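Down below is the structure, laid out as structure tokens.
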């Protein structure tokens with residue numbers, strides 16, 4: 001198996017395993033809709049269900065089609081990730097980032113299949129301000145997407161084109177100075 005797929009699969013499995021293990025521990029130790037302060041006034045562990053997407057978008061229990069929407073979105077995301085990996089230069093950090101995104105998406109999909117909702121348990125707040133509760137899968141998706149975007153930005157055609165374009169221009173007799 002090619003290295004790119006080992007990195008992708010390894011990071012996806014790591015994210016999926018950590019996500020599911022952390023959710024299992026929370027569900028076994030914290031009653032649903034209860035919280036446990038970790039850093040008073042800043043961070044709690046909480047056991048809640050989110051039937052919607054990020055930030056509680058579509059978080060209504062009476063919308064059955066949303067399950068199929070999220071299932072389809074996960075399948076499309078997985079396909080896009082595999083296409084990116086297949087068609088990319090050999091960039092291990094890109095594959096690691098995409099693996100985190102894939103693992104996070106699969107972690108939340110497992111919850112949707114099992115519970116028809118995602119288990120969220122990380123609650124960050126300051127005074128009356130609350131960030132929406134999230135989980136390890138959400139964190140993996142965010143970190144992985146940020147890493148992948150950074151790597152792709154670093155390799156963008158304008159940056160790579162300056163190096164490759166000048167070499168090609170000189171070799172063909174084009175693009176050199178008019179002196």
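Note that the numbers count up from 1, one per residue, in the order the chain is shown.
Note that Cβ sites are derived from N, Cα and C of the backbone, with glycine treated the same way.
What you see is a predicted model, and the numbers here were worked out from it, not measured in a lab.
Per TrEMBL, the feature transmembrane segment maps to 65-85 (among others). Beyond the transmembrane segment (65-85), the same-chain residues lying 6 or more positions past its ends with a Cβ under 8 Å from any Cβ of the stretch are 4-5, 8, 51-53, 58, 94-95, 98, 101-102, 105-106, 108-109, 112, 116, 148.
Taken from TrEMBL, the feature transmembrane segment covers 92-110 (among others).
For 120 (among others), the entry in TrEMBL reads active site. Every protein chain considered, the tally of other Cβ atoms within 10 Å of the Cβ of residue 120 (active site) stands at 22.
According to TrEMBL, the feature transmembrane segment maps to 130-153 (among others).
According to DSSP, residue 138 (active site) sits within a helical segment. Under the heading active site, TrEMBL lists 138 (among others).
Annotated region 'Disordered' per TrEMBL: 158-179, in sequence order.
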| field | Within-chain partners of the transmembrane segment (130-153) [C-beta distance under 8 Å, separation at least 6 from its ends] | value | 11, 15-16, 18-19, 22-23, 46, 48, 50, 54-56, 84, 91, 93-94, 96-108, 111, 118-124
